[in-house]
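Participant: This is the structure I want to talk about, given as structure tokens.
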Amino acid sequence: MASTEGDRKVRISKIAGRYLVFDIDDVAYIRREHGICAVFTGTMPQNPTQNVFLGLPLELYAEDAKMLLDRKVAYIADDPLEHLNKLKSMDDETRKSYLQSIKTQRRNAQLVFDEAKAQSQARHKDKRKPKQQLQVPVVVPTELPPASVNDDAATTTVEQKEEESLFGESSSKPAPAASQKPPVKEKLPAITPTTSNAMLSSDDGTSNPADVENHTALPLYSYLNESGYFITPGLRFGGDFSVYPGDPFRYHAHYMANSYGWDEKIPMLDLVTSGRLGTAVKKSFLMGGQKPATGDSEAGELRAFCIEWAGM
């Protein structure tokens, strides 16, 4: 990835027809600089059924991906093919670098665990009861009778044997070498890598490019985005898009939008139901379409209209 945002290239992974972004820095960049929110789809392995606090990867609309390509700030990689090629052509230096990055992540995880353990011990230190000291009985030494002559002789014999064993050449044996303990292996927690960026660090987006398909609503989407609106999926409000005047963290949606073809016939029932539904959820129903290209001319103007349900 580029070091500055001026020459940043967002890597969009195309997997099973979906456009995914795995890098959190790329997610922040396209939201801050290009007004693209998209949808988080990642979940936690410990709780895979939860659907409230989702995380990486970020799934883009086809319109999002195409718009970023047109602005030349992203590229799309065929992810399965890309990974197979990278794994087959990985050299020893790249392999060592990737393993070292995994080891660094494990060490960082161990530091976090140690810090949490130390904080927990500090919190519970005052709550622990002091251990009661055990009373050890005191033994009073008794006087021994004086040693006899035979005892002195036995002691002298033992001392002579010790001198012979220590200094005698015939009975001397080499002292056993001190047992060397094997080096202690560093115990680190196991982790599950969440990205393979270390293997794809040299990727420039030209090895396995992929195209964007099915971006029929791109004209209306680009028109709203260039006008400063933020766009999210509009299914819960009955439209193609929910349109916000600013970041959805700060504003409610003002419009629910649908895209139509220039010559497409719109049933009157759709206008009535969409208009009433938009009014019921305190939003305006917005629809738009672009005049198609004719001959050598490019696509023409785009028109958008808002419909609100009013009493008679």
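One-based numbering along the chain as shown.
Any Cβ shown, glycine's included, is placed from N, Cα and C.
When I checked TrEMBL for this same protein, it listed these features:
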type	residues	note
DOMAIN	10-79	domain 'TSEN34 N-terminal'
REGION	116-210	region 'Disordered'
COMPBIAS	122-131	compositional bias 'Basic residues'
COMPBIAS	132-141	compositional bias 'Low complexity'
COMPBIAS	170-182	compositional bias 'Low complexity'
COMPBIAS	192-209	compositional bias 'Polar residues'
DOMAIN	220-287	domain 'tRNA intron endonuclease catalytic'
ACT_SITE	TYR244	active site
ACT_SITE	HIS252	active site
ACT_SITE	LYS283	active site
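Quick one: how deep are these features, and who are their neighbours?
Facilitator: Residue counts for the domain 'tRNA intron endonuclease catalytic' (220-287) under DSSP (helix as H, G, I; strand as E, B; rest coil) come to 23 helix, 17 strand, 28 coil.
Long-range Cβ contacts of HIS252 (active site) within its own chain (separation 6+, distance under 8 Å): TYR244, LYS282.
The Cβ of LYS283 (active site) has 23 other Cβ atoms within 10 Å, all protein chains considered.
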Participant: Would you count the other CB atoms within 10 A of the CB of TYR244 (active site), including those on all shown protein chains?
Facilitator: 22
Participant: Please work out the mean pLDDT for the residues of the domain 'TSEN34 N-terminal' (10-79).
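Facilitator: Mean model confidence (pLDDT) across the domain 'TSEN34 N-terminal' (10-79) is 88.
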